[in-house]
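Have a look at the structure that comes next, please.
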Amino acid sequence: MAVSSVRLFNSLYPPCASLIAYSTLHSGFPNSLRYNSFRVKGGLVYSISGSSRVRALVKGKGERTEDYPLAGDSTDDKKVAESWPRSLQRDFAGTPYVPVYVMLPLGVIDRNCELVDPEGLTNQLRILKSVNVDGVMIDCWWGIVEAHAPQTYNWSGYRRLFQIVRDLGLKLQVVMSFHECGGNVGDDVNIPLPQWVREIGDSNPDIYFTDREGRHNTECLTWGIDKERVLRGRTAVEVYFDYMRNFRVEFDDFFVSGVIAEIEVGMGPCGELRYPSYPVKHGWKYPGIGEFQCYDKYLMKRLKKAAEIRGHTFWGRAPYNSGSYNSAPHETGFFRDGGDYDSYYGRFFLNWYSQILVDHGDRVLALANLAFEGTCIAAKLSGIHWWYKTASHAAELTSGFYNPAHRDGYALIAAMLKKHGVALNFTCVELRTLNQHEGFPEAMADPEGLVWQVLNAAWDVSIPVASENALPCNDREGYNKILENAKPRNDPDGRHLSAFTYLRLNPALIERRNFVEFERFVKGMHGEAISDLPLN
């Protein structure tokens, strides 16, 4: 049958959630992007040669391949090659195979749970398949599937999407997305929480996380109602469990066949296990420290009870001197060096605040294991790297990660994930500390230090850890940084990432020059040699 040309996407969607996997599916499709190598002082660089068309398998009577032109196909090969950075490249041939997944656009399923442009999506997936991408990730939005009434689910668009993925021989990573889409930087797709949940919130806004000013954040439900029957007779965790269990029954054939390789369970804003401490909708701007999000009546009740048990009832309050969303640590009495964060009260509050996060993960993942028994499950943590080089780590504290300079705030989370046999997915592996200092020197950011700490917290308890890029990445420098983090050089235990998810499928990725770099990256993650790369 005839196959139409590749369609570029309607819009560019920035990351909101991610996924990981352990699948080692390795497609045997031939690769039509070929390189010539040439020597420069100190190392090798590579240029694409011949046709810049990607070959994709077309099923019909027998099998054949067809060429798909990449965007920018008319660019002169020599000019493209000369514009690439000529830097030393570590040879990743023979290194462990790390699967690569690509997150699909946010708007691939519309609000009516219908698949948008299935023909165009199929062609895009063929292009990914042609360079041996292992699979794709998709958000299953609570606000779409259970939109109108409790326990009335509509999975129709997802089933059609899953069938396309299966027919192309790709794997699926599926996110149980219990948060709203929209309201974050660059979001131009809006998927709110289910209508019936919002109706409850109209009369009881304390079902949402709340800041000191009393502003409610509708992005996700507060963890204070995990065990409160305020959702038409069900608790929040019961609602999550019913949704996950229904998904497992509905897509049993995809689980049995192994097409669904992993489930990532969303547990907070952007699907991440954290408090919504830096909401753009409330005026936050990078690198603000954010604000504590525990002012709904349910969490405040629990804080007061914890203070009573401790014997200090006057501790049953959140800090009064912790600044506002866009404060810097040194501007606050709580987060400054020698501030109240390290006082008796500060330690009590931060222990309580971070334990609420751990307890939420513990409850939800226990139920996820019941719903998805025998399936790989993952949880995502965000990379809060700004103010990492200060003593208090203020931005991490407001997000729920009790990780000041004198304490490892990720070990307890890793232990909780270990308890449930759940993998850790972490962000910002492509970021360089030096680059952050150049852009925002006042932020005292250290993404490289944070990544190293979190990876080792997970590896120390022997749980799989995977990652994703936090910002758009199309350049070799960024890809090389990801590769170095994925496969640490000279690690005595041979540890490496279990998978990597690229955020996200978009027009820029399909541009010829960018796609060549992406293919090189996939080869490196798979431990393959670059085509025509001299062995000497």
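Cβ from N, Cα, C; glycine included.
Because TrEMBL annotations are produced automatically, they should be read as predictions rather than curated entries.
Per TrEMBL, the features are:
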ACT_SITE  Glu272  active site, proton donor
ACT_SITE  Glu468  active site, proton acceptor
BINDING   Asp139, His179, Asp187, Lys380, His385, Thr427, Asn469, Ala470, Arg504  substrate binding site
How many Å separate the Cα atoms of the residue listed as 'active site, proton acceptor' and Arg504 (substrate binding site)?
10
How big is the Cα-to-Cα gap, in Å, between Asp139 (substrate binding site) and Glu272 (active site, proton donor)?
13
Including all protein chains displayed, how many Cβ atoms other than that of Arg504 (substrate binding site) lie within 10 Å of its Cβ?
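A 10 Å sphere around the Cβ of Arg504 (substrate binding site) contains 25 other Cβ atoms.
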Would you count the other C-beta atoms found within 10 angstroms of the C-beta of the residue listed as 'active site, proton acceptor' for me?
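Other Cβ atoms within 10 Å of the residue listed as 'active site, proton acceptor': 28.
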Take the C-alpha atoms of Arg504 (substrate binding site) and the residue listed as 'active site, proton donor' and report the distance between them in angstrom, rounded.
17
How big is the gap, in Å, between the Cα of Asn469 (substrate binding site) and that of Glu272 (active site, proton donor), rounded to a whole number?
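Cα-Cα, rounded: 14 Å.
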Let's check the environment of Asp139 (substrate binding site): how many other CB atoms sit within 10 Å of its CB?
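Other Cβ atoms within 10 Å of Asp139 (substrate binding site): 26.
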What is the total of other Cβ atoms whose distance to the Cβ of His385 (substrate binding site) is within 10 Å?
26
Hey, how far is His385 (substrate binding site) from the residue listed as 'active site, proton donor', Cα to Cα, in Å?
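Between the alpha carbons of His385 (substrate binding site) and the residue listed as 'active site, proton donor' there are 15 Å.
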